[in-house]
Amino acid sequence: MALNLSHQLGTLAGTPIKSGEMTAPSADSSLSVSPPSAMMPKAMNLNYKAHGMDPNRNVSPPMSPVLRSNRADLSVACKAFAVESTVSGFETMEEQRTYKEGGITGKKENGGVPVFVMMPLDSVTMGNTVNRRKAMKASLQALKSAGVEGIMIDVWWGLVERESPGAYNWGGYSELLEMAKKLGLKVQAVMSFHQCGGNVGDSVTIPLPQWVVEEVDKDPDLAYTDQWGRRNHEYISLGADTLPVLKGRTPVQCYSDFMRAFRDNFKHLLGDTIVEIQVGMGPAGELRYPSYPEQNGTWKFPGIGAFQCYDKYSLSSLKAAAEAYGKPEWGGTGPTDAGHYNNWPEDTQFFKKEDGGWNTEYGEFFLTWYSQMLLDHGERILSSAKSIFENRGVKISVKIAGIHWHYGTRSHAPELTAGYYNTRFRDGYLPIAQMLARHNAIFNFTCIEMRDHEQPQDALCAPEKLVNQVALATLAAEVPLAGENALPRYDDYAHEQILKASALSFDQNSEGENREMCAFTYLRMNPELFQADNWGKFVGFVKKMSEGRDSHRCWEEVEREAEHFVHVTQPLVQEAAVALTH
């Protein structure tokens with residue numbers, strides 16, 4: 001999830017995160033080592049989690065107004081469904097495209113980026129049925145009318161395997177996927193092995209499976225833990241990845257069995273309707289540590305966050321790494337001078353610019369171990385996912401958080417606490433991209449809609465520079481890049497930024513290479529999206545994305561063309577908006 005801006009309005013679900021000093025690297029010398037102390041406070045059993053935020057930002061005024069239809073006589077969804085087939089030229093917005101090697105085949109010569117839309121977090125109920133079935137059908141039909149490629153669905157571990165180990169109830173997912181199939185919508189299925197609830201925008205609470213919660217209650221060290229003993233129950237600590245701590249199975253085995261059961265149950269849809277499997281690897285489904293938990297006010301933007309390696313399993317790994325390195329005294333704990341969740345880098349000894357512990361031998365040792373643990377976690381799960389879905393016609397993707405605050409500092413503290421060893425002097429995203437490349441996986445990145453100047457400048461936020469760095473890392477590793485917006489945005493200003501970023505048109509990549517994002521997923525389907533002004537802008541945005549980076553038509557021209565579709569399908573959109581609010 002990509003967090004961001006000072007005023008947190010809410011994202012609807014599971015994505016997170018996110019400006020700059022940017023001077024040339026200086027040769028810092030005689031940097032002090034900050035050895036950890038051996039003190040470990042008593043553990044407190046506090047649950048928490050982290051996620052998205054939303055700002056009151058200045059946006060440019062809307063460009064051209066969108067025509068509205070007054071055809072109230074077609075307000076019934078079933079009648080509106082028939083409208084779609086009468087729209088002239090509709091087939092141009094519904095080209096049949098397929099995921100292949102990180103891209104889309106069957107596209108027009110000038111390229112284009114297919115748009116997917118995230119479904120509500122509670123699309124499937126705790127009773128394993130489709131939530132608001134009538135609203136869902138009308139909404140999916142409306143999305144199809146807008147020319148979107150497909151939808152993204154969270155497949156919650158806590159719903160499907162809730163009752164007992166190995167007992168899977170695919171209930172509402174079967175019905176929801178069949179709806180998508182009938183409408184010709186592609187599906188990105190997210191294997192969501194994390195808890196939902198506790199974050200800004202989390203409209204529903206979906207805990208981990210009950211039997212998993214029971215095991216964590218018996219062994220609290222299965223939860224991520226900070227140096228003050230706070231426990232985070234959103235995702236099982238990666239320190240326990242290979243230990244049979246969940247009713248005789250390892251966490252990775254549980255994830256693998258879940259994915260295998262999904263494959264076997266929906267094999268008839270793989271490669272046709274289901275075109276991508278996004279594998280959840282941490283809080284908010286992202287490959288990261290839960291370093292910035294918002295629940296209970298533990299963390300607030302733009303705090304630096306805190307390291308999450310104090311469960312006994314992670315500390316055991318740290319101890320072994322320190323002994324192997326020849327510095328056993330470094331293995332008892334993580335840095336004790338790295339401040340608190342809401343500190344800024346210069347408030348701490350470890351992250352400060354001059355003589356900070358992050359830029360010492362000890363800092364390099366600890367950060368290398370901490371980030372490698374995360375990479376190893378991704379490697380284990382991806383190895384399994386690749387073998388399970390091999391030759392099934394689907395792509396595998398992994399979501400990486402867009403942590404853009406304090407990006408302009410030397411230490412990049414928030415990225416470090418999240419497990420991304422990215423500093424002024426080191427590229428932390430290339431190793432991630434290379435790991436994904438080994439498994440032919442897609443690098444999915446957030447905060448694509450953000451601009452540097454929109455963010456608090458005192459926190460040196462730089463989402464555009466961060467997206468640029470990630471794009472170059474994926475280019476170097478030859479990994480497909482996909483994107484998401486971190487926060488709900490309906491304005492042309494955000495749409496234009498997404499268009500710019502998805503074209504991957506950076507100065508450093510101006511060698512004539514025709515490279516675009518392989519897909520973009522829009523957060524999220526909700527009543528606000530179907531409001532007349534927002535819907536009109538969205539339809540124009542989808543059409544512009546489909547035309548690709550080499551299209552020279554102006555935004556106003558595309559929007560006028562989109563007005564036709566908005567006008568004819570207005571009853572359907574009204575139906576979806578009304579249904580979603582009830």
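Cβ from N, Cα, C; glycine included.
Where the annotation comes from TrEMBL, it is an automatic prediction and has not been curated.
Note that the structure is predicted; figures quoted are calculated from it, not measured.
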Annotated stretch (region 'Disordered', per TrEMBL) among the listed ranges 13-36, 325-348, 541-564: 13-36
Cβ neighbours of His404 (substrate binding site) where a neighbour is any other Cβ within 10 Å: 33
Neighbour count (Cβ, 10 Å) for Arg524 (substrate binding site): 22
Neighbourhood of Asn485 (substrate binding site), C-beta criterion under 8 angstroms, separation at least six: Thr446, Cys447, Ile448, Glu449, Ala494, Ile498, Tyr522, Leu523
Site of maximum Cβ density within 10 Å, from active-site residues Glu286, Glu484: Glu286
Asp154 (substrate binding site) and Glu286 (active site, proton donor), Cα-Cα, nearest whole angstrom: 13
